[in-house]
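A.B. asks: Below: one structure in structure tokens.
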Amino acid sequence: MLTKFETKSNRVKGLSFHSKRPWILASLHSGVIQLWDYRMGTLIDRFDEHDGPVRGVHFHKSQPLFVSGGDDYKIKVWNYKLHRCLFTLLGHLDYIRTVQFHHDYPWIVSASDDQTIRIWNWQSRTCISVLTGHNHYVMCASFHPKEDLVVSASLDQTVRVWDIGALRKKTVSPADDMLRLSQMNSDFFGGVDAVVKYVLEGHDRGVNWASFHPTLPLIVSGADDRQVKIWRMNDTKAWEVDTLRGHMNNVSCVLFHARQDIIVSNSEDKSIRVWDATKRTGLQTFRREHDRFWILSAHPEMSLLAAGHDSGMIVFKLERERPAFSVNADSLFYVKDRFLRVYEYSTQKDTQLIPIRRPGSNSLNQGPRTLSYSPTENAVLVCSDMDGGSYELYIIPKDSYGRGDTVQEAKRGIGGSAVFVARNRFAVLEKSSNQVLVKNLKNEIVKKSILPIATDAIFYAGTGNLLCRAEDRVVNFDLQQRIVLGDLLTSFVRYVVWSRDMESVALLSKHSIIIADKKLVHRCTLHETIRVKSGAWDDNGVFIYTTLTHIKYCLPNGDSGIIKTLEVPVYITKIYGNTVFCLDRDGKNRPIIIDSTEYVFKLSLSSKRYDQVMSMIRNSELCGQAMIAYLQQKGFPQVALYFVKDERTRFNLALESGNIEKALESAKKIDEKDHWYRLGVEALRQGNAGIVEYAYQRTKNFERLSFHYLITGNVDKLSKMMKIAEVKNEVMGQFHDALYLGDVQERVKILENAGHLPLAYITASVHGLHDIANRLAVELGDNVPSLPEGKKASLLMPPNPVLCAGDWPLLMVSKGIFEGGLDDTGRDAEEDYEADADWGEALDIGEVENMQNGDTDMVLDEEAVHVEADEGGWDLEDLDLPPDTDTPKSAPNARASLFIAPNPGMPVSQIWVQKSSLAAEHATAGNFDTAMRLLNRQLGIKNFSPLRSLFLDLHMGSHTYLHASSLAPVISVAVERGWSESASPNVRGPPALVFNFSQLEEKLQAGYKATTAGKFSEALRHFVAILQIIPLIVVESRREVDEVKELIIIVKEYVLGLQMELKRKELTDNQVRQQELAAYFTHCKLQLPHRRLALLNAMTVCFKAQNLSTAAHFARELLETNPTAENQAKKARQVLQAAERNMRDVIQLNYDFRNPFVVCGFTYTPIYRGQRDVTCPYCSTHFVPSRQGELCTVCDLAEVGADASGFLCSPLQIR
């Protein structure tokens, strides 16, 4: 069984395949109907209006409808496009078991526990016939696929066949009057529309299912007597043909396979059984562990089956449908209907060669799986799954071409797979010993080779080479030299396709394609949501492949796209130009013509064959949003411009490619405010002042226009803007313009007119306009504002512009190939741009001074431009046009003065991290996220807050900052580690780091010093700081790597010991715990002077608490260290003497010095040897198992027990 899709849900009672789409309906015992896409494996919709289990469900053949029947006695007809129930048919008086649409007429047949079968017209929504006769529950009823018959099965142990011919005549074509008369008579006198044609009796228990054969006059039934029976019928009678026994419980459902001569049944014995319909023997059994089967459904057009069980359903095929084939030069060898055939591509002639023997066993999936052909010897290897994998070797006689009847004895053998590796040698995989047997054409072993990986299949990889497939990788293996030529990690590879020159290979998995070269160096990977079926290379080096629904292409750079949609899956065998040759599932050769323009265009673009791109743009109909998006994505918006007719898209592309003239053309045609605004922004970025001004004028954006005139120093136009603002009565705009111009009198006038007399008075006073100030003071009377004492006024006067700036100067650069070759509109556009001096709609402000505000609208709304002698309209004749419009048509030395803009290089920070796995270098480059991910992966660090300031120090310390000029931004310069003057300027070194190993040694000494002095908090700070800096250290030699790792252990021991000692000092009232912590401190691996102090400390604490035995132990330990300080040795000897008189402990401690232990970093309790513990992946402190997943209390960085790959602090470790 080849399972295609599986669901987990409530018990599935009804199933139905859609005839065209990859959909299946499943009705559940919970009352829900699910609609699944079995190709994508997704739930599309769910319908839950039924009350109680839904036992029957069926799709309509052509309409977007399905019908369902449930235990609520209701039949519901649904429209899946509208996602709702259209209507409900009521009439049955008990549970409804099955429902089915008629294939032609607007009928539904339903079977019910009320012992009747009803036929309904779903268009008139009425019941048109009730079939009565069964005397127990009717378990199923279905229409015959071609004739006017219905078959039903009931728990009364019978199967009935009903003739509904009269019903068809009555409802479908009551045309002539005689028919209508007889119909009236039958209506009056109780005529019957449906009569029982046969009653099939033979089952000993209730019958659960009966179904017709799709073409033959056969019926199959399954019952509670655990038997499957086959019945034959003719015009007059029906009889039992045979009984199939084997099920161990009630048979739930049984049907004939649509495309194969088999019967499929399932049962409450948790099995699906497949039977040979002609031999009437069991072929195969598929069992489930815990789930009883209830329903089967067959796809109306494909070889798919579905089975519903207690916890969901499965969609499956019984046999592979891919024909075995092998391509050689102009010929295709393939197996069809037990014959080896050859198809010649050039003549499209198909010839039968020799018969292939039938498999001896009675199970499915024993047909040929792969084929390998040797052209020189005319030999064919056919591999199948028979006997767990076997092969047959046929030599095709030269005279058999065209006859195909010579039966020939094949040479056979057992092997996972077999392929030709040379002219007269083939390799056979022996899975048990994981070796390849090389054999000659007499089937004799010539050589054996052990394979480098556990291989489950082999493929041809050039003469003498094999591609070995394992679960997660493929290896290219040379059989002669017995060496591995290449190795590639992949998902499970199903098919291998080599290019004609054997330089490229495509590895096809279930949902992905990997393209690699012959050494298995990875080039690109493609992922598909539905299954990949086959593929072949075309002459351009493009890989063409098929999925279940499409023919697609994959370019060498990994770009892919759809060429054609498929009705049915096909298997590509070869590609000639625009013709794709395929085999379909019936073994027929089909040439499919494709349009290769799109992928050839993309290939030319990616391989920079621009001449070909140019000719394709001119000659072909390449267009569409997808192509435009592709060109944009690949950085060719200027090319996309030539595909686009839509002005809005043209405008966007022109802006993206910086083609301001093309954008202007489109903006004029679109003429919308938003587009003018965006054009203005881009023109400003390019320094094209003329277009900026024009864009602002078109949108009447006076504020921006005023500011534009201010920054370009155009004082004349700025004063005109002020007059326009006055005319339009925009006080704020007028005031701003007066500010920009430094026109104080105008500002006073505006404030006075607006009624702000105090502000007008202050402005006039400050600026020395005493006449106006006095006049305003009189008007203000007593309300004259006082100026602040002792403050010096500063003038709000803008600096005078040195010159009125036009467009930015532009360099002469050579046009790109596309602008030069394709731009046939460029010349006209330029001349048009030059001529249009008025920039379209202008604003006439000729007589503004003499007008009243009320009359201004008339002037502003007029389209015609009145150029007055004194004012001259907008005066746009003096616009500085872009330099390229003033250049001569063809300068003789234009080439010499061209400037080629340099390509931007890669930022240093990116170079630093390109191949680095060191967190410190990523932090230096500012890639904090990656640095954190690396630290998490390498050391299990999850608390990054202590490292935040260190990250910032690293980043800031790796750059120096230079001031260029007062207005320019600061220039950041990367500082490299180990830089020297002799180094090449083109080779970038690693970043300079602010932390180094020598600093840590200084901190360590400071920590030691503080410990000796008894400043434990200060010492702890030093040691914790070291632990936090170490992850961001980079060293250059192996010796230093070892020293850093050693330092982690030293510091960790001190941090743990000092934490315990500080904790002990807090516990003033708990003597027992004080002694324990002092005792544990002595077990930390400290420097000798510090260990002596710890031992002295523990001895003193225990002695004071009268634990003399333990105190004596510490005294002995202390004396063994040969203390240099005499008072320490003296004290230890005194304690020993006192203890020897009374060698006992008053209090029992949780401390056994004889049993080796480590101290838990959180609970500060001993973990004795043999007890379970977890460790910190960074500082390796031990913890009790309950601390798994918590933050380490010693380093305060890593997660206890986390998986980590190990500490990296040197480039040497990576190499």
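Positions of Cβ are set from backbone N, Cα and C atoms, glycine also.
Pasting the feature list from TrEMBL:
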- 47-88: repeat 'WD' (REPEAT)
- 89-130: repeat 'WD' (REPEAT)
- 131-164: repeat 'WD' (REPEAT)
- 200-241: repeat 'WD' (REPEAT)
- 244-285: repeat 'WD' (REPEAT)
- 340-584: domain 'COPA/B second beta-propeller' (DOMAIN)
- 626-767: domain 'COPA/B TPR' (DOMAIN)
- 815-1215: domain 'Coatomer alpha subunit C-terminal' (DOMAIN)
- 1122-1149: coiled coil (COILED)
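Please go over these features one by one and say how buried each is and what sits next to it.
C.D. replies: Tertiary neighbourhood of the repeat 'WD' (47-88): same-chain residues 13-19, 23, 25-33, 35, 94-101, 103, 108, 110-112, 120, 122, 125, 300, selected by CB-CB distance under 8 Å and a gap of 6+ residues from either end.
Tertiary neighbourhood of the repeat 'WD' (89-130): same-chain residues 14, 55-61, 65, 67-71, 73-77, 136-143, 145, 150, 152, 154, 162, 164, 167-168, 171-172, 193-194, selected by CB-CB distance under 8 Å and a gap of 6+ residues from either end.
Counting residues per DSSP class in helix, strand and coil order gives 0 helix, 20 strand, 14 coil for the repeat 'WD' (131-164).
Through the fold, the repeat 'WD' (200-241) approaches residues 136-137, 139-140, 142, 144-145, 149, 151-161, 247-256, 258, 263, 265, 267, 269, 275, 277, 280 of its own chain, all at least 6 residues removed from its boundaries and within a Cβ separation under 8 Å.
On the 0 to 100 pLDDT scale, the model's mean across the repeat 'WD' (244-285) is 91.
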A.B. asks: Are there residues at least six beyond either end of the repeat 'WD' (131-164) with Cβ under 8 Å to its Cβ atoms? List them, or say none.
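C.D. replies: Same-chain contacts beyond the flanks: 94-95, 97-98, 100, 102-103, 107, 109-113, 115-119, 193-201, 203-212, 214-215, 219, 221, 223-224, 231, 233, 238.
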A.B. asks: Over the span of the domain 'COPA/B TPR' (626-767), count residues by DSSP class, listing helix, strand and coil in order.
C.D. replies: 115 helix, 0 strand, 27 coil
A.B. asks: As a quick check of your reading of DSSP, tell me how many residues in the repeat 'WD' (200-241) are helical, how many are strand and how many are coil.
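C.D. replies: Secondary-structure breakdown of the repeat 'WD' (200-241): 0 helix, 25 strand, 17 coil.
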A.B. asks: What same-chain residues lie close to the repeat 'WD' (244-285): Cβ under 8 Å, and 6 or more beyond its ends?
C.D. replies: 1, 205, 208-209, 211-214, 218, 220-224, 226-230, 291-296, 298-303, 305, 307, 309, 318-319, 362-364
